[in-house]
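The structure appears below as structure tokens.
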Amino acid sequence: MSALNSFNMYKSALILGSLLATAGAQQIGTYTAETHPSLSWSTCKSGGSCTTNSGAITLDANWRWVHGVNTSTNCYTGNTWNTAICDTDASCAQDCALDGADYSGTYGITTSGNSLRLNFVTGSNVGSRTYLMADNTHYQIFDLLNQEFTFTVDVSNLPCGLNGALYFVTMDADGGVSKYPNNKAGAQYGVGYCDSQCPRDLKFIAGQANVEGWTPSTNNSNTGIGNHGSCCAELDIWEANSISEALTPHPCDTPGLTVCTADDCGGTYSSNRYAGTCDPDGCDFNPYRLGVTDFYGSGKTVDTTKPFTVVTQFVTDDGTSSGSLSEIRRYYVQNGVVIPQPSSKISGISGNVINSDFCAAELSAFGETASFTNHGGLKNMGSALEAGMVLVMSLWDDYSVNMLWLDSTYPANETGTPGAARGSCPTTSGNPKTVESQSGSSYVVFSDIKVGPFNSTFSGGTSTGGSTTTTASGTTSTKASTTSTSSTSTGTGVAAHWGQCGGQGWTGPTTCASGTTCTVVNPYYSQCL
């Protein structure tokens, strides 16, 4: 995204809980038992057979009540630390405890089978951030290279200014317990968050508190920033409401969690956005921003008044899980029909997949800073996927720029500038106070999470001018995709090994390199195998 685009700015600064439930901690409290709501998800094999996994979710530590060890006195109230209990990073980590959560009563978080619902406003709590668990003390780790990740989402109750997000970050599986002696709570209590903005609003980072240098927010009564930030790679599979959506990878120099200090963090909280070790902007695919304004929304090709399924594929250069990430592909399934990601209509940007050519073209067409490339691009994003990533599901509003980066014109005074139009919401929309008071009953539902080889996690038909052709789930383990104009040829009009050689609407090479054959994978995609 552009240097001015703060689309991820306050993902890590969601409105944080009630006055008593607004912080993270390192020790474990005993006032409320921590019981993780169950959430099942599936692992699929080629051919379409899937196995159900018994998972659960936990609430991020920043939303929880933090109090003194063996006392109910708050360590943190509103947006201010209680320095009578802790006045240094070390003392807070040792003397403050993180307590269990009343998921439905306090936070409006409920699960049923494979479905998770996040309510926006519940009492005095606003928004939430949750993680998928492998067991009671570990986050579920996903390695998605040469795999597809699928989920169903209902965004029908997300108006302008809200973001129901599903994404991955390279957090420690145990939440840092094994690395930091003061961290007793760990993943069980939602400790260890990091992302590509290097958030400094976290109360605890890497076994220490973030109290030293803490500055309360001037426009948010629950948040502030400290001296330290928590950096790691971030893959935004889904940032969306009922108006707009975006798919955005954010690499870092080092994929795993690293701690930064003050303005050296870069990202949202620093005077120099690009001073840090991570890419705060990303290489985004927002159909509306790419000129396809009739694709996503109420009554459009993907109709956001109804649930739909989102399929994302992580293609490698050699077609194996040990290869390097070369493309990210996306399509949708709604009403039994597979819907391809639309191709860009912006001059100078072609195709409908995220690859190096697309990112370079978007950078040039929109006049953006080369942050994505400078931090390793898809290669480093692939390193994060190889390292394993944690699944995050959240609902938030934006105290920075009112979510205009997602669903409106941003910057608001740049109407007509290439890349500024991101959605149809007015530039006056998204003010958090208004959204919270007028749209407090909003919610998002994520369900039917699946992971597996290409074409194993979904089924559907393809619309072909009034008739529908059925595509079975899992008919092959090679990559399925939408129509694409990505560069997978050898430069001589011949598609390279693993490259695309055909499919509905394909205008690229149809002849394969010597030793490979153009093989039909599905109506949208044929591949040189």
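Keep in mind that glycine also has a Cβ here, set from the backbone N, Cα and C atoms.
What Swiss-Prot lists as active site, nucleophile is GLU234, and the listing cites similarity to another entry. Taking the Cβ of GLU234 (active site, nucleophile) as centre and 10 Å as the limit, one finds 29 other Cβ atoms among all the protein chains shown. Under the DSSP three-state reduction, GLU234 (active site, nucleophile) is assigned to strand.
The active site, proton donor annotation in Swiss-Prot covers GLU239 and is backed by similarity to another entry. GLU239 (active site, proton donor) falls within a strand when secondary structure is assigned with DSSP.
Per Swiss-Prot, the feature compositional bias 'Polar residues' maps to 425-438.
Other Cβ atoms within 10 Å of the Cβ of CYS501 (disulfide bond) number 26 in total over all chains. Look at Swiss-Prot and you will find CYS501-CYS518 (among others) tagged as disulfide bond.
Marked as disulfide bond by Swiss-Prot: CYS512-CYS528 (among others). Classification of CYS512 (disulfide bond) by DSSP places it within a strand.
A mean pLDDT of 74 is what the model gives for the domain 'CBM1' (493-529). According to Swiss-Prot, the domain 'CBM1' annotation covers 493-529, on the basis of sequence analysis.
Residues annotated as N-linked glycosylation site in Swiss-Prot, with sequence analysis given as evidence: ASN70 (among others). Around the Cβ of ASN70 (N-linked glycosylation site), the number of neighbouring Cβ atoms within 10 Å comes to 11. In the three-state DSSP classification, ASN70 (N-linked glycosylation site) falls within coil.
Feature annotation from Swiss-Prot assigns N-linked glycosylation site to ASN219 (among others). ASN219 (N-linked glycosylation site) falls within neither a helix nor a strand when secondary structure is assigned with DSSP, and so counts as coil. Counting every protein chain shown, the number of other Cβ atoms lying within 10 Å of the Cβ of ASN219 (N-linked glycosylation site) is 9.
Around the Cβ of ASN413 (N-linked glycosylation site), the same chain contributes no residue under 8 angstroms that is 6 or more positions distant in sequence. Marked as N-linked glycosylation site by Swiss-Prot: ASN413 (among others).
Residues or ranges marked as N-linked glycosylation site by Swiss-Prot: ASN455 (among others). The number of other Cβ atoms within 10 Å of the Cβ belonging to ASN455 (N-linked glycosylation site), over all protein chains shown, comes to 28. In this structure, ASN455 (N-linked glycosylation site) belongs to neither helix nor strand by DSSP; it is coil.
For 26-456, the entry in Swiss-Prot reads region 'Catalytic', with the evidence type similarity to another entry.
The region 'Disordered' annotation in Swiss-Prot covers 413-438 (among others). Residues 2, 15, 120-121, 126, 159-162, 220, 243-244, 246, 286, 288-289, 293, 297, 346, 362, 365-368, 397-399, 401-407 of the same chain lie 6 or more positions beyond the ends of the region 'Disordered' (413-438) yet place their CB under 8 Å from a CB of it.
According to Swiss-Prot, the feature region 'Thr-rich linker' maps to 457-493, an assignment based on similarity to another entry.
Annotation source Swiss-Prot lists region 'Disordered' at 460-491 (among others).
Among the features that Swiss-Prot reports, signal peptide is placed at 1-25.
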Express the distance between the Cα positions of GLU234 (active site, nucleophile) and CYS528 (disulfide bond) as a whole number of Å.
31
Want to know which recorded positions, from GLU239, ASN455, CYS512, are within 10 Å of CYS501 (disulfide bond) at Cα; which are they?
CYS512
Using CB atoms and a 10 A radius, I'd like the single residue among the disulfide-bonded residues CYS512, CYS518 with the highest neighbour count.
CYS512
Around the C-beta of CYS528 (disulfide bond), how many further C-beta atoms are within 10 angstroms, looking at every protein chain?
25
